[in-house]
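A short worksheet on the structure shown next.
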Amino acid sequence: MISATEVILRLTVSAVLGSLIGIERERLSWAAGLRTHMLVSVGSTLIMLVSAYGFANILQSDKVVLDPSRMAAQVVSGIGFLGAGSILLRGEIIRGLTTAASLWTVAAIGLAVGGGMYVAAVAGTFIVLLILAGMKPLERRFFADKQKRGVKFLVLADSFNMSHLPTLLGRSAACVSKFVVKRDQDERYDEVFIVFSRLSEREFQKVMQTFMQLEGVKSFDHTEV
């Protein structure tokens, strides 16, 4: 039977590793941030501990046969509900896939810690952090023509919202990474700010032309983000 000290150690290590990935997601203001990733990691570790050691007294009987990995295996499929909750789908716009993948990976890290595989868990955590944060400079270098670009315009109040994007932009709507609407000071106009990622210069020019031709647009501007 595993000692109480080892149980506490594994849960603590799991919480720390989950927090490292959670901080990276929290920094980008995702709903599944620090606390969510920590809870997923610790919960997975607990399930692994119960699965591996919780039935030790029962398994001592020659008449009982149990698969100790059965409970742990359910974590892999069970984490799907959190992953689905972190994905935003509106028309052709899909966001949150990376966060859903990070939650699934954190669950795997928690299982590794619960199984006592500290090296695999720590190595996995830092590889995930490298993927989430360290790949951005490479993306900027090799996809320089598809960096973030923003458009800002004033439009008549309540005449434009996110649901209009798929109809207006078609496939380009899938490149929207940020959408903000704020009411102007005079209450007659809405200030709309939209950020596009991985959109080529040619595609961005078409997007700007589309917005400039919208009825009710008072002013228009674009910027590098």
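Backbone N, Cα and C atoms are what each Cβ position is placed from, and that goes for glycine too.
Just so you know, TrEMBL annotations never went through curation; they're auto-generated.
Quick look at what TrEMBL lists:
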type	residues	note
DOMAIN	11-140	domain 'MgtC/SapB/SrpB/YhiD N-terminal'
TRANSMEM	7-23	transmembrane segment
TRANSMEM	38-59	transmembrane segment
TRANSMEM	71-89	transmembrane segment
TRANSMEM	101-132	transmembrane segment
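Across the domain 'MgtC/SapB/SrpB/YhiD N-terminal' (11-140), DSSP assigns 97 helix, 6 strand, 27 coil. Computed over the domain 'MgtC/SapB/SrpB/YhiD N-terminal' (11-140), the whole-number mean pLDDT of the model equals 82.
Sequence-distant neighbours of the transmembrane segment (38-59) (same chain, 6+ residues past either end, Cβ-Cβ under 8 Å): 1-2, 7, 10-11, 14-15, 17-19, 22, 66, 68-72, 74-75, 79, 82, 103, 106-111, 113-115.
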